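Enquirer: Pulled the feature table from Swiss-Prot, pasting it below:
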DOMAIN    10-278  domain 'tr-type G'
BINDING   19-26, 87-91, 141-144  GTP binding site
């Protein structure tokens, strides 16, 4: 590849923010965009009827509830770097969409509420990052409130997330006594000023912690800081970039996102530490971002980003080569060449037509139903990028249509919403009632709302006695025999794959035992 392409690749950073609900993820997203010049004014994020909602929460239901229920993609420039930020759903139900977003990024920012410490959703999401050895930077948020001791927070990560921590900044006090942070490597003391435009008061570079100026500025709190830093020098892990890039160590920063404090130091370090676009695995070989031929994959489909146009956008991660507007690419699953005329880049709901894009960039392609999650596009080579799964649903509902004349609109709505991958749709081999499955319960409320709001279809959901599903594969004759014998519990999913529904774990185990010639899969990689 030309050197010019290497420069383009190396200045890109593609990352997602993960956290437990209410840890301040959407607030920090807003503040990062503020520093990147992408927005002029950050909108505090909470459920309220205000004229201004958080930039990344654009769907109608999100605006009403003040939660992020879809993953937005935002692009901005900072210090010469092109940053692609993927905002993941903040409610603890939205795991599946989030899991897939994590397949499209090269690193992750983990936001932890310093009052509550590590919470369940953070744990779940970290497991997904660990599977992929994703590098993680940690931001301890809400230092302007009384929370847990900083050393206890580090201990919490090490014990609960089984990950080594390396503090980079250290807080001076907390809550009402919060004075700022001390950078353990640059020896800068950054003062917190709630009245300042971005929360940052003056920045003081000191000769060391024995500088008498500190006693003057911090009073008795300086003893606390000296004691903490002395402890850290003996007990804390020094930052090790290689361990961070291998997903084994997380550098830790402290601050208060709502006051924009500590966010700039975090962003500066992120640019320095986080990896540029990484090589990607396919079923046949590893693709380097520096290769000349173009390639990439779809990790998300979003219907009705613009309800006025009833459109569907496929979110696409570029893995190698250069994208140019109007280029022809091979859609490998369908085995045909397609022209990508109007690709877009995103700023939440705002879109701009893209003339060119590079590895690490996320572009949107208009989708008329032919693109599915996991689809690979190349300049001719038969590749398939791996690791974009569907998870077996844990919750199920039967869909009852309130107006029988709307059955076609219902089918269209269910299939389009299922294409986004947040819910799965199942049609029984016997009977006519659709069943939808989700990894989290809130998805049912989202589907009901969106069917009514976007497709003018009113439905009721009824409970069904299923607790899990498995995708079934095997020799054709055996599969046909299975379909006959288990017809009451066999469904076809939105991808046309055979699915077995089980009413209990015992029933599932028993069925697997009885049909040893067949394979029962807990995840279905998008084909």
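For all residues, glycine too, the Cβ spot is worked out from N, Cα and C.
Describe the structural surroundings of these features, if you would.
Expert: Across the residues of the domain 'tr-type G' (10-278), the predicted structure has a mean pLDDT of 82.
When secondary structure is read from DSSP and collapsed to three states, residue 22 (GTP binding site) falls in the coil class.
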Enquirer: Taking each of the binding-site residues 19, 88 in turn and counting other Cβ atoms within 10 Å of its Cβ, which one has the fewest?
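Expert: Result for the binding-site residues 19, 88: minimum number of other Cβ atoms within 10 Å at 19.
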Enquirer: Tell me the Cβ neighbour count for residue 143 (GTP binding site), meaning other Cβ atoms within 10 Å of its Cβ, over all protein chains shown.
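Expert: Excluding its own Cβ, the number within 10 Å is 26.
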Enquirer: I need the most crowded of these binding-site residues: 22, 25. Count other C-beta atoms within 10 angstroms of each C-beta and give me the top one.
Expert: 25
